[in-house]
């Protein structure tokens, strides 16, 4: 049964995943008036619905002061707006507001130095307020985050991010966001050009690689291991599935290279494992064309090589998929979906392996030695 552990070990990298709270994707409206508490300092502003139920009100004056009121549906947690130089979260600075458990209003700037909570640092960042008062209000199930910032010149097209979390920050530590988006917002016209982050390319990269390296290739390996009785059908199924899986996986790698060229993500472990898995996959393809005849004295060595390199491919591919889901900030649906896929594969392998060894034991004579 130990021979199944090469594939089975890859299944043991299932990570814990938790259901995220549901988010109501209502469209925000500029028809609702500002609370009277904000009218004095934040009147005469342009308004634009930007994302889900987020509404952005803004105005700039001759001193390059940007006044902002960000409103959204709210029950608890936090809302924030970040200013970015490249459309990415890391390296940007955010204004974040929330109401504490005792009703205290909090508005703070955060430096988003990384994706880990410890890298999101309160009272740091490159935004300048010059002592302007910041305000948070909750009125009729809406939160209003109001702040003023100084810039060197009038903002025109600016890359911004919006996010919200369901947990109230404790000791100025933000819990992971439950929703986020990024876009290029034009403060002169009120238009947005959609996300400046290539999220579609990121999803394509993840989906192709998960389906190829995490679904098709393990199925092809299972057929080669447990379906030899279907000779010669098993061979054609194994070869065909592995070839399609490799082509899709290669397309996923190409998408990843293109994604890296656009965002220059700092993910050395994910990139390194991806390259390693791709090289092993190419070696497997080459080995297929260099396969010795069945009666060749080198055939058993080729079999050892092919079997164990294939297991290594599946193991490191599974590790890298989990790593990619983590560093890519994928939602819980990805974690749960891939975890479910791994669990099904693991149960299938264990069941088939038990059947194989049971059949082998029943067919073995008591005096036979191996």
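Any Cβ shown, glycine's included, is placed from N, Cα and C.
Automated prediction, rather than curation, is the source of TrEMBL annotations.
What TrEMBL records for this protein:
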type	residues	note
SIGNAL	1-25	signal peptide
DOMAIN	52-165	domain 'DOMON'
BINDING	205, 238, 270, 306	heme b binding site
TRANSMEM	206-226	transmembrane segment
TRANSMEM	233-260	transmembrane segment
TRANSMEM	272-291	transmembrane segment
TRANSMEM	312-330	transmembrane segment
TRANSMEM	336-357	transmembrane segment
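This view paints the features noted in TrEMBL onto the structure.
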residue: 205; record: heme b binding site; CB count, 10 Å: 24
residue: 238; record: heme b binding site; CB count, 10 Å: 20
residue: 270; record: heme b binding site; CB count, 10 Å: 21
residue: 306; record: heme b binding site; CB count, 10 Å: 16
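Pairs of Cβ atoms less than 8 Å apart link the transmembrane segment (312-330) most often to 272-291, out of 233-260, 272-291, 336-357. Those residues noted as binding heme b (205, 238, 270, 306) have their most widely separated CA atoms at a distance of 28 Å. Within the chain, the transmembrane segment (272-291) has long-range Cβ neighbours (under 8 A, six or more residues past its boundaries) at 209, 213, 239, 242-243, 246, 249-250, 253, 256, 302, 305-306, 309-310, 312-313, 316-317, 319-320, 323. Counted with DSSP, the domain 'DOMON' (52-165) comes out as 3 helix, 66 strand, 45 coil.
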